[in-house]
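This report concerns only the one structure given below.
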Amino acid sequence: MAFPSEKIAFETKQEPVVREPSLKQGSLDEDREVFKTGIDGVDFRTVTWQRAVIIFIKTQIAIGVLGIPGALLSLGAVGGGLCIVGYQALNLYTSIVAGNFRNRHPECHTIVDMAGVVWGPIGREIIGVVFVLAFVLCTGSSLLGISIAFNALSDHGACSVVFTFVGMVLTIIFSSIRTWGKMTWPLLIGFISVIAGVLVVVIGVTFNSRPAAAPQTGPYELGFYVIAYPSFASGITAACTIFVSSCGCPGYLPVIAEMKRPQDFRKAAIIVAILVGAVYLSFSMVMYRWCGQWIASPSLGSAGPLLKKVAYGIALPSLIVSAGIFNHTSSKYLFVRILRDTKHLQSNSLVHWSTWISCNVGVCLLAFIMAEAIPVFNYILALLAALFLAPMSLICPAFFWMYDNKHYRSGTFSQKLFYGVHILLAALGTFMCIGGTYGAIISIKDSYVPGSCFSCADNSNTVGV
């Protein structure tokens, strides 16, 4: 027989663990949220789920839509289409798993904090490095896209390194906007611009009698394959390029932390997954069907010199906005990490502003160096997906789910089966991490040209066209 005091102690000990009912009722423990509401200073919690749709969709349709058509060269129409649909569905699920975990542990700002909950300080530091490097590479690939756009528009009017540096300055200006809520309208403009730019190319390639990059006289091989048979290195590199275009999970979580109602993130994630999947599938298939092996990288250059200039001119705001999104995400993580639980986090103090600007400039400078060190657009995406995004988008969510559902391991048969599915999910992430890194390194090695780092050469293939 237990004494009353023992019952009280037992109930008090167990009560904090049960958070799911409050999550379902729409009430979260505001005291544990990173950003507080109703205080003097900066109000970070201004994002509605409708605004989250805009942020999420621009986070995904950033550089991915420029790289996917080229990935179909290795995978073929069937393999590429299955990868697009499959990865979109898989990344939607892992995003929901990770978002639910964050809302059960509202003190988490990013996936780094969530890793700390599961694996402790060591796990937090490891994923912290992975998180920063991932978004630095994302920013770097966007800076490379900006330099390609400037080269295309100006007929290589200046050194490519100069154009990349100009892109870095523009990126810092945009990414220095402090809250996601205030970035919504520029993000919407960026989304419209990239869709319009890609549409110019998609429509343009269908009016050409043959691909713009193909020989304009005599017979030629289109290189369109329903089913392709790539080598392991080229196949896994292409699969990783498509994967990186769909995995919004690490980028969604900091936005959820700034939502008015974080539990509404699922509405935005589902809508975005459907829209992005439809855009990727339709645009990439049309371009691959009409251009085959002659698709440019990035794909905006596939319709010929004139339409390339038109497309890049229209899509340039999107490229700048995309770089700003990624730079903002990694800078915000460092900013919160430095000022967390201090009065400067949400105040307009000198410490607040100097820390914020320093994070933005420092991270973007590192991205600039990365962009010049690996000046091949598709291979940056593949390396990014394999080495950094596979762990954060597949392995981490699998362990987050298993952490919150330990009882499934010894539950009913269906519960054990579902637990096993998440073990397989972690295994898939491990395979993509190891295999994809190998494939990306081989591809970078094969395409590397001595002296290509920090090269002034035209990277848009405009000169001589």
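Including glycine, each Cβ sits where the backbone N, Cα and C put it.
Among the features that TrEMBL reports, domain 'Amino acid transporter transmembrane' is placed at 46-442.
Residues annotated as transmembrane segment in TrEMBL: 61-87 (among others).
Annotated transmembrane segment per TrEMBL: 126-150 (among others), in sequence order. Tertiary proximity for the transmembrane segment (126-150) is limited to same-chain residues at least six positions away from its ends with a CB under 8 Å from its CB atoms, namely 62-63, 66, 110-112, 115-116, 119, 157-158, 160-161, 163-164, 166-168, 170-171, 250-251, 298, 300-301, 312-313, 315-316, 319-320, 322-323, 326-327, 329-330, 333-334, 337, 363-364, 366-371, 374-375, 377, 380-381, 383-384, 387-389, 391-392, 396, 459-460.
Long-range Cβ contacts of the transmembrane segment (157-177) within its own chain (Cβ-Cβ under 8 Å, at least 6 residues beyond either end) map to 139, 142-144, 146-147, 150-151, 183, 186, 319-321, 323-325, 327-328, 331, 356-357, 360-361, 364-365, 367-368, 371-372, 375, 454-459. Per TrEMBL, the feature transmembrane segment maps to 157-177 (among others).
Look at TrEMBL and you will find 183-207 (among others) tagged as transmembrane segment. Within the chain, the transmembrane segment (183-207) has long-range Cβ neighbours (under 8 A, six or more residues past its boundaries) at 47, 51, 54-55, 57-58, 61-62, 65-66, 174, 177, 279, 283, 286-287, 290-291, 299-300, 302-304, 307-308, 310-322, 324-325, 328.
The transmembrane segment annotation in TrEMBL covers 268-290 (among others).
The transmembrane segment annotation in TrEMBL covers 310-329 (among others).
The feature transmembrane segment is assigned by TrEMBL to 350-371 (among others).
Look at TrEMBL and you will find 377-402 (among others) tagged as transmembrane segment.
For the transmembrane segment (423-444), same-chain residues at least 6 beyond its ends with a Cβ under 8 Å from one of its own Cβ atoms are 94, 232-237, 239-240, 243, 374, 376, 378-379, 382-383, 385-387, 390-391, 393-395, 397-399, 402. Feature annotation from TrEMBL assigns transmembrane segment to 423-444 (among others).
When each of the listed stretches 61-87, 268-290, 310-329 is scored by C-beta pairs under 8 angstroms to the transmembrane segment (350-371), 310-329 comes out highest. By the Cβ criterion (under 8 Å, sequence separation of 6 or more), the transmembrane segment (268-290) is in contact with the transmembrane segment (61-87), since 3+ such pairs are found. Sequence-distant contacts of the transmembrane segment (61-87) (same chain, at least 6 residues past either end, Cβ-Cβ under 8 Å): 138, 141-142, 145, 191, 194-195, 198, 223-228, 230, 234-235, 237-239, 241-247, 276-277, 279-281, 283-285, 287-289, 291-293, 295-300, 302, 318, 322, 325-326, 377-378, 381. Counting same-chain residues at least six beyond the ends of the transmembrane segment (310-329), those with a Cβ under 8 angstroms from any Cβ of the stretch are 55, 58-59, 62-63, 135-136, 138-139, 142-143, 145-146, 148-149, 152-153, 167, 170-172, 174-175, 177, 183, 186-187, 189-191, 193-194, 196-198, 200-201, 204, 250-251, 254, 300-301, 303, 360, 363-364, 367, 460.
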